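Visitor: Take a look at this one; I'll ask things after.
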Amino acid sequence: MKGVYFVSGIDTDIGKTVATGVLAKQLLQQGKSVITQKPVQTGCQNIADDIAVHRKIMGIPMQEADKRRLTMPEIFSYPASPHLAARLDGRALDLDKIRTATQELAAQYEVVLVEGAGGLMVPLTENLLTIDYIRQQGYPVILVTSGRLGSINHTLLSFAALKQYGIRLHSLVFNHIHDSRDAHIAQDSLSYLKCRLKADFSEAEWMELAKTDAV
């Protein structure tokens, strides 16, 4: 892996933050120079909570890029989608600021993992969806899914959106976080999605994230 990758999820609370941290940790262990970025963090004041989680999982302290806010260029106080959080905070989301920060990180690190807010269709502004931004920047996507009820539907909808927008899927990460809810559904979801990934995105990688991987 080399370059900038956008980490998205099929839904909220799918384990995207943990997955991003674990992937970064694995890349560090492989000798890669890697950093994570949360371009838009909502529900916070000063420090992006997700970046703090990434650093803890990676086993490293906050970096100079964190202190300079390159990894968390836009923070809004209200816990909502970016377009609403920005409106409630009374200021516009600065896309140029985000782009510049990501470019600076990409110049310093071999791999930049950009964790989005929610799923592909989350609005960044009133007129721009997350998937629009991904396409504009040309980022390949790492999509996080799980075995909870509804994941097959949400994953296939995400597949369809990526195809429609002409965005490359780098990998599908199956997070075992929800396996305990229903083992039958979890196992069937895993088997089904693994087959669909091979059929729909033959060049994409299949990854699995165990509950213990973040420890």
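First residue shown is number 1, and so on along the chain.
In case you wondered, yes, glycine gets a Cβ from its N, Cα and C as well.
From a predicted model like this one, the values you see are computed outputs, not experimental measurements.
Dumping what Swiss-Prot says about this protein:
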| type | residues | note |
| --- | --- | --- |
| ACT_SITE | Lys38 | active site |
| BINDING | Asp13, Ile14, Gly15, Lys16, Thr17, Val18, Asp50, Glu115, Gly116, Ala117, Gly118, Asn175, His176 | ATP binding site |
| BINDING | Thr17, Asp50, Glu115 | Mg(2+) binding site |
| BINDING | Thr42 | substrate binding site |
Visitor: Between Asp50 (ATP binding site) and the residue listed as 'active site', find the distance joining the two CA atoms and give it rounded to the nearest Å.
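Guide: On Cα coordinates alone, these residues lie 7 Å apart.
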Visitor: At its widest, how many Å does the recorded ATP site span between Cα atoms of Asp13, Ile14, Gly15, Lys16, Thr17, Val18, Asp50, Glu115, Gly116, Ala117, Gly118, Asn175, His176?
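Guide: In whole numbers, the farthest two Cα atoms are 20 Å apart.
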Visitor: Would you list the other residues of this chain near Mg(2+) - those whose C-beta lies within 8 angstroms of the C-beta centroid of Thr17, Asp50, Glu115 - in sequence order?
Guide: Val7, Lys16, Thr20, Gly21, Thr36, Lys38, Ala48, Ile51, Val53, His54
Visitor: Test of understanding: give the count of other CB atoms lying within 10 angstroms of the CB of Asp13 (ATP binding site).
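Guide: I get 12 for this one.
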Visitor: Within 10 Å of Lys38 (active site) by C-alpha distance: pick out those among the binding-site residues Gly15, Glu115, Gly116, Gly118, His176, and say none if nothing qualifies.
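Guide: Neighbours among binding-site residues, in sequence order: Glu115, Gly116.
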Visitor: Including all protein chains shown, what's the count of other C-beta atoms within 10 A of the C-beta of His176 (ATP binding site)?
Guide: 17
Visitor: Between the binding-site residues Asp50, Glu115, whose Cβ has more other Cβ atoms within 10 Å than any of the rest?
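Guide: For the binding-site residues Asp50, Glu115, the Cβ with the most other Cβ atoms within 10 Å is Glu115.
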Visitor: Cα of Gly15 (ATP binding site) to Cα of Glu115 (Mg(2+) binding site): how many Å, rounded?
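Guide: So the alpha carbons of Gly15 (ATP binding site) and Glu115 (Mg(2+) binding site) sit roughly 11 Å from each other.
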Visitor: Rounded to a whole number, how many Å is the Cα of the residue listed as 'substrate binding site' away from the Cα of Gly116 (ATP binding site)?
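Guide: Gly116 (ATP binding site) has its Cα 11 Å from the Cα of the residue listed as 'substrate binding site'.
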